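Asks: Pasting in a structure now, in structure tokens, and then I'll have a few things to ask.
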Amino acid sequence: MDTPRVLLSAVFLISFLWDLPGFQQASISSSSSSAELGSTKGMRSRKEGKMQRAPRDSDAGREGQEPQPRPQDEPRAQQPRAQEPPGRGPRVVPHEYMLSIYRTYSIAEKLGINASFFQSSKSANTITSFVDRGLDDLSHTPLRRQKYLFDVSMLSDKEELVGAELRLFRQAPSAPWGPPAGPLHVQLFPCLSPLLLDARTLDPQGAPPAGWEVFDVWQGLRHQPWKQLCLELRAAWGELDAGEAEARARGPQQPPPPDLRSLGFGRRVRPPQERALLVVFTRSQRKNLFAEMREQLGSAEAAGPGAGAEGSWPPPSGAPDARPWLPSPGRRRRRTAFASRHGKRHGKKSRLRCSKKPLHVNFKELGWDDWIIAPLEYEAYHCEGVCDFPLRSHLEPTNHAIIQTLMNSMDPGSTPPSCCVPTKLTPISILYIDAGNNVVYKQYEDMVVESCGCR
């Protein structure tokens, strides 16, 4: 083989290799390692079609490092996340009493017993708990009066108030109460009001064990605007209706008033599960889950100008794409059980007769676990199938459905078939956090399909 032909072949080979990706980068030599590193990074940036910058969240997650914010940018930790919606604050820990209500009524629903038949529910379908926001008055020793403050602004005047109770955990006394001077009473009043709401008589001779004291405060909540509720606990010796003037007139032999702290009602050194709890029982009209989502949107808008920012949850209600029932943008999207079956409704299976089919609902996949405490998932079922002639009696067709099915059997092109829809629905209990960070139990109607029919 002569030399010109060899040179020509080498030129064609080099031209071919030069067009291959990465050959130029590999063939460029550098006199120093720093120049080579910079050239490599520059080539990678040009290939990606962007300038060098801090890694994205997804890239940082793969590298196991948190992305470092630039000085001119707001720190990422201060931006709202999907798991912590704007305006909600830290995660709310439900009180054990509310969890017990949910467990009790959920079991009753499985047994076919409506929660409104329970005496403790007071025929209510909504039970809201409010945590005490007051502080001990340390300037008074002994503590003869103690105020409890509750923000009840989330209650609606459209709801019927059927009951309210104040639950106070009385710790075991650390010291004897002293010589008895008659019966020992703890009384509950509205702040700045002489109206006695409820009272309890304690035995000064014995040492009562720790436990909950429940006071009926329905009258106090019924006669005031639903914004702030202030209740005052007092302790006194003697008869239940004895006033302060009568107690002072008894002379120096009257023992000092009992200290509420020594009675076990002090707030200091108290875990969250032992804090005072206001429980309100209401009966509201039929309310669906989308109404709750609108309240979540309203609370986010009220949180501040950044509450409705792009990528936050919930989105602003005025936005054209505001669909709060969809998963939040920051969440990992998954195919739900319903979505995975959506493509199987054609062909042979679509000709099955109308019947109840499984539909597993996962609130976490919907992005609702930010405000729903329990249940995080349940079996809702759905109706699927055809309503063809002749209609089966167990489908309980209406007269209109029968006529429509007959017309469809004679001329399918002119009349559509009747639809397979739920004919009986049952409720489920949901424990959730409202827009005011209060834990609420509510019985939602029409959540589970019990039977299907043609309509």
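Backbone N, Cα and C define each Cβ position, glycine as well.
Straight out of Swiss-Prot:
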type     : residues      : note
COMPBIAS : 45-76         : compositional bias 'Basic and acidic residues'
COMPBIAS : 77-91         : compositional bias 'Low complexity'
COMPBIAS : 330-351       : compositional bias 'Basic residues'
DISULFID : Cys354-Cys420 : disulfide bond
DISULFID : Cys383-Cys452 : disulfide bond
DISULFID : Cys387-Cys454 : disulfide bond
CARBOHYD : Asn114        : N-linked glycosylation site
REGION   : 29-93         : region 'Disordered'
REGION   : 244-267       : region 'Disordered'
REGION   : 300-351       : region 'Disordered'
SIGNAL   : 1-22          : signal peptide
Asks: Whole-number answer please: how many Å between the C-alpha atoms of Cys454 (disulfide bond) and Cys420 (disulfide bond)?
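Replies: The separation of the Cα atoms works out to 5 Å.
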Asks: How far is it from Cys383 (disulfide bond) to Cys420 (disulfide bond), counting Cα to Cα, in Å?
Replies: 6
Asks: If you measure from the CA of Cys452 (disulfide bond) out to 10 Å, which disulfide-bonded residues from the list Cys354, Cys387, Cys420 are inside that radius?
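Replies: Candidates kept after distance check: Cys354, Cys420.
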Asks: Among the disulfide-bonded residues Cys354, Cys383, Cys387, Cys452, Cys454, whose Cβ has the fewest other Cβ atoms within 10 Å?
Replies: Cys383
Asks: How big is the gap, in Å, between the Cα of Cys420 (disulfide bond) and that of Cys387 (disulfide bond), rounded to a whole number?
Replies: 6
Asks: Between Cys387 (disulfide bond) and Cys354 (disulfide bond), what is the CA-CA distance rounded to a whole number of Å?
Replies: 6
